[in-house]
Amino acid sequence: MHHQWLLLAACFWVIFMFMVASKFITLTFKDPDGYGAKQEPLILTAVTKVEEARVPEEKHWTKEFQPTGKAFTGNLLHHPLVHMERLELLRNVCRDTALRNLSHTAVSKFVLDRIFVCDKHKILFCQTPKVGNTQWKKVLIVLNGAYSSIDEIPESIVHDHEKNGLPRLSSFSDSEIKKRLNLYFKFFIVRDPFERLISAFKDKFVHNPRFEPWYRHEIAPSIIRKYRRNRMETKGLQFEDFVRYLGDPNHRWLDVQFGDHIIHWVTYVELCAPCEITYSVIGHHETLEDDAPYILKAAGIDRLVSYPTIPPGITVYNKTKVERYFSGISKRDIRRLYARFEGDFKLFGYRVPDFLLN
């Protein structure tokens, strides 16, 4: 009898240790940065499937470069799971009542003007400047049949919306708009919100490669008059002035004065209404090398056109550059800027820039 009790106790101990080990393994493979309270060990399954597919090239991204903050390695960035996760995050943030004022907007003419239509292949593309939109416009121009290849399209035509053959969604009747929004493949591209603002500032107020004089001669002086603290400073628009303008809760009156030129720095929410329009895919500038082929395939056009070659390193998030531009700007002004763009950070999974805010 004594031996039977010892055997029973030993069996119980083995079972108990097995249960503890199983629980530990499950916890180990849970995603530590998951957005919801309930976590599932999904990553292990996904990794196994991708390895079986033998993706030819693996790129390793640090956490800083992961747009959604999840623990995906480079060889998973083109995987459908990533894009499902982005859309799930978007839906969850859209439902957050605390962020409603930062995540929702009416589907106005301003929004419909941003969306370009390719009826031939049933595609809608929402323009978000400073994230490589010129190349996507070229893709759609070719698909619409205006040119046979991207290389043939003159740069002047791409931005001439009267001649490039890309109608805006706003040009259709209400019933036609509704039909296209319900049935067409819809996408847009985002990037780190603060890095996008730096790009807009450089492109419009520093280099101005398209020779658009109104940015320097009309918009810049208006911002300087209202937001420059040192009235003795005679330089052109500085990034600090730009940040104060964008972070001012009363910026709307200047936005109205500037008209459609504000598309280069207003929020993604204001441009594309992502909580009101159900988009099929949201690409990220930081992972565009993987996202562009995925979008083409998801839209069913990957055999008809290719996304132009991306120069090495051009889409990589540059923390050093961001720190350099924001150095010398008060924490108060940076926090006010973040308060305006918080919806963009949360909706698309970009990390809070604590290195600037604190």
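Note that Cβ sites are derived from N, Cα and C of the backbone, with glycine treated the same way.
Predicted, not measured: the structure shown is a model, and the values here were computed from it.
Annotation source Swiss-Prot lists topological domain 'Cytoplasmic' at 1-6, citing sequence analysis. Annotated transmembrane segment per Swiss-Prot: 7-27, in sequence order. Annotation source Swiss-Prot lists N-linked glycosylation site at N101, N318, citing sequence analysis. Residues or ranges marked as 3'-phosphoadenylyl sulfate binding site in Swiss-Prot: 129-135, 191-199.
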Secondary-structure category, per DSSP, in which N318 (N-linked glycosylation site) falls: coil
Lowest local Cβ density (other Cβ within 10 Å) among binding-site residues: V131, I198: I198
Residue, out of the recorded positions D192, R196, N318, whose Cβ gathers the largest set of other Cβ atoms within 10 Å: D192
N101 (N-linked glycosylation site): secondary structure state under DSSP, collapsed to three categories: helix
Cα-Cα distance linking N318 (N-linked glycosylation site) and N133 (3'-phosphoadenylyl sulfate binding site), given in Å to the nearest integer: 20
For Q135 (3'-phosphoadenylyl sulfate binding site), nearby residues of its own chain (Cβ under 8 Å, 6 or more apart in sequence): I150, Y307, P308
Residue among the recorded positions N101, N133 whose Cβ has the most other Cβ atoms within 10 Å: N133
Spatial separation of I198 (3'-phosphoadenylyl sulfate binding site) from N318 (N-linked glycosylation site) - C-alpha basis, Å: 11
Which same-chain residues, if any, lie at least 6 apart from P129 (3'-phosphoadenylyl sulfate binding site) yet have Cβ under 8 Å of it: A200, I263, H264
Overall pLDDT for the topological domain 'Cytoplasmic' (1-6), taken as the rounded mean: 49
